[in-house]
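Report on one structure; see the data block that follows.
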Amino acid sequence: MLTLKIWIVQALFIFFTTESVGELLDPCGYIKPESPIVQLGSNFTAVCVLKEKCMDYFHVNANDIFWKTNHVTIPKEQYTIINKTASSVTFTDISLLNIQLTCNIRTFGQIDQNVYGIRIISGLPPEKPTNLSCIVNEGKKMMCQWDPGRETYLETNFTLKSEWATEKFADCKTKRDTPTSCTVDYSPVYFVNIEVWVEAENALGKVTSDHINFDPVDKVKPSPPHNLSVSNSEELSSILKLTWINSSIQGFIGLKYNIQYRTRDASTWSQIPPEDTASTRYSFTVQDLKPFTEYVFRIRCMKEDGKGFWSDWSEEASGITYEDRPSKAPSFWYKIEPSHTHGYRSVQLIWKTLPPFEANGKILDYEVTLTRWKSRLQNYTVNDTKWTVNITNDRYIATLTARNLVGKSNAAVLTIPAYDFQATRPVTDLKAFPKDNMLWVEWTAPNESVNKYILEWCVLSDKAPCIQDWQQEDGTVHRTYLRGNLAESKCYLITVTPVYADGPGSTESIKAYLKQAPPSKGPTVRTKKVGKNEAVLEWDQLPVDVQNGFIRNYTIFYRTIIGNETAVNVDSSHTEYTLSSLTSDTLYMVRMAAYTDEGGKDGPEFTFTTPKFAQGEIEAIVVPVCLAFLLTTLLGVLFCFNKRDLIKKHIWPNVPDPSKSHIAQWSPHTPPRHNFNSKDQMYSDGNFTDVSVVEIEAANDKKPFPEDLKSLDLFKKEKISTEGHSSGIGGSSCMSSSRPSISSSDENESAQNTSGTVQYSTVVHSGYRHQVPSVQVFSRSESTQPLLDSEERPEDLQLSAFTYMVLVRWGRGIMRLARKHMMKTGHREAK
Amino acid sequence: MQAQLLWRTLPSLVLGLLFLSMPAMGSCSDKYPELLGQLQKQADFMQHTNTLLDLYIRSQGLDKNGLKEHCRERPGAFPSKDALQRLSRRVFLRTLDTTLGHVLLRLAALEQDIPKAQDLEMLSVVKLNIRGFKNNIHCMAQLLPGSSETTEPTPTSPGASPSPTPTLDTFQRRLEGCRFLHGYHRFMRSVGQVFREWGKSLSRSRRHSPHQGLLKGARRMQLSGRNKRLMPRVQLAPGSHRGAPGG
């Protein structure tokens, strides 16, 4: 009971809820048509009809209706008020594919409310399908395809229809992913004409293609023949027999075939003439094939009358034709080995293996015969392609034949000339050039008849020896290509030798490249000589291994740090070049590129600096200056010499040299003063008029004699007595002294004597440059000043002493002059 | 006698009217040689036992213990070659169409005894081929001059009788089916020979007047009773017809 109550309450709740929602969802009106599909470019009119109840509730009528497309209000000009409840809107030339159209009302003058909405879909009717064609793959059902025509923008269904005169077949509906083809679901019936067409239909229309009427057997694509096999014939080395199994379609129709074949290593196919295979068959014998050659075959078929389609190609099958005797003699040549002793020569006979198309089978061995002039023939069987034999210096005839299972080739004949044979008659105009990725050699034949030509070539390299390869050409050939594995960017030295009946002719050589490339390295430039405004550059020729081609020219690039680069082209034959118009005292950077026909390569950069002066320029300046200076000096000296008395008077008047004084002459017995009249005359213009000369001859380097020492004692006494008016020697006071002085070697004594106002300095003889003075000489100074640092520093002391010695010697010289003068005067006076 | 003639003629007349009054759907080829060639090739193809009989024998287990030896055509089940050669072209076509209609009915009955789906599929292909053959007969009948000429009697066709009586046991029914199909292939071989005769007369008449030749040929066919030897046919590979129409 309780459950029943709960159920009733729930039911009532659902009922009322549904009612209220229904009220809410009940639209205020509707649009006609409901789901329009419109043709693009056409006109379209929609009508919105309001419900009376809604009109009363909202107090609106058709005038309050406004339309929107994709939320944009449509201008009122497109509206038409049909009556109080209905308003229509018209679109002209619809171009959008999908339009959302809504009917709206404005309630209470301000609130917009959506009444109803529809979606207008636009598109195009289908075009007539064209190019309808069908194919019957053997063992499968018929498939037809067509061109559907323009895009319709609508869902368009294509239906393939087919029928006989007496029967209709089920429609073939296209799948969504393949709308332009359809495979029927019934098996094709051959020899019964069928009519086929396509219907294309969408919401805007239906259109039918042209009908095609055909026999399905004329649309067959047969399965390819299978089990293709190839067999050869021992009787005929030029044929191969093909057999195969035809597809089952040949039970209904006649077949024709395409048979193609190629050699194993070829890429292009040859075809048996179609007229030879124009009817149903199960085998075919292919003729005119090369012996002992592997051929690959394939076959396909189609309906005999050409209607329908070719089958796919069958699987390939191959077979080898039977052997035949070698069709050509091998290429045959020889090399004389260097060792030549005891009247014999070592000759290496060489030959090439025959290519398969000439060997016509497996070459079992070679037979070589050697015949010396007017002697019997010698036979040799060789398995290799070379054979070395010692022969005499005579002329020989060698022959060579190749042998296979079937027979022997013709003999290749070669004349080995006598040792002293002089080869002549070379080919002329030898040329070599690359073409079509091959290296061709061309020459002009000599006037004489040539049996054959031998072409030899090798790669020139600085690192490896020239290993020669060779080939033989017939005597009628004057242009061929090198049949070897040639490499690009390698320099080949090619030699052509004509071979005459009596032996080989002279050889001609040429260098060539299969393909040139830019050099691997650029040349390294350096300076040979650098001048103020020019520099001579030099470089080495590039090694052949890095040339990669013929060096056609060089380009020298040079520049200063701030300047533009200048390029100069130089012929490849040069190895030096002079850069001119350079700026002096400037750093130049120079590099060099070498060019082949295919491009160039820069070498390393080199820098040099031009000098400030040209060679000899400095000498040109310095030498004249020096000469001028020398001349001036000379003139000055001459002038001084001429005016020496005047100069002497003003600059260095005569100073008596104490060292040249003779104490002996200065004894107590001798009047202390000499009346040097002549001296007075001589120094009449100076203050050197009152001079006493004391000569101590052993002052420098001689030990004093006892007489001298004795005199010295006397001198000391005298000196003490004349202390008040004696003057020292040294410094600038030398000229002011008018009396001679003497120094004592006894230091202590000196120190005692100089305890008053006079100090004595120590003069070290020959102290200059580590010379040990032999005698210490003392001199007295009138100065009352201490001896400053010189007393405390021995080196200064030595320097002072040296100075003093210079002055002393200088003075001594002057004194000698004076003395000589006086002696002369004295002599004159005595006279 | 007259009543007997009427009894024998009436069904043929009715069938002929039906045959001629078939609604034309697809268009028939208007090229007589082409159509004749198609009919000839169809007949040549359908005469081979590997298209139907072998399938039936294998499916019914009649290929063991020498049972195949018992599968011989029941005399009178199908018109003989001589009888066919004696017919006028129009009657020949009508007879052919009628006989093949019976074959179709019989094949529908035989389907019940074929358990394998693959064999059934093959059988449906054979039926489709026979329908195609009938379609060409229809088209050929339209090409023949004087299509209203339907007065000739149609030879009695035992094949027109319904399937064997239900009283036969299964083995007998299978054997009967085998005999029937044996007769069918023989019949098709005879049909092929007749069409070959038509082709020969066509090539002869081409040397004179194509249309006249056609008429003469048709007339001669009625009179000719010579038993021509069939051209040797290329032996098909085993199973080569598995991919044949419908295969």
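Start at 1 and count along the chain as shown; that gives each residue its number.
Positions of Cβ are set from backbone N, Cα and C atoms, glycine also.
Heads up, TrEMBL stuff is auto-annotated, nobody curated it.
What TrEMBL records for this protein:
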SIGNAL    A:1-22  signal peptide
DOMAIN    A:224-324  domain 'Fibronectin type-III'
DOMAIN    A:423-517  domain 'Fibronectin type-III'
DOMAIN    A:518-613  domain 'Fibronectin type-III'
TRANSMEM  A:621-641  transmembrane segment
REGION    A:660-680  region 'Disordered'
REGION    A:722-757  region 'Disordered'
COMPBIAS  A:732-745  compositional bias 'Low complexity'
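Break the domain 'Fibronectin type-III' (A:518-613) down by DSSP state and the numbers are 4 helix, 47 strand, 45 coil.
Long-range Cβ contacts of the transmembrane segment (A:621-641) within its own chain (Cβ-Cβ under 8 Å, at least 6 residues beyond either end) map to 647. Broken down with DSSP, the domain 'Fibronectin type-III' (A:423-517) shows 0 helix, 51 strand, 44 coil.
In the domain 'Fibronectin type-III' (A:224-324), the DSSP tally of helix, strand and coil residues is 8 helix, 42 strand, 51 coil.
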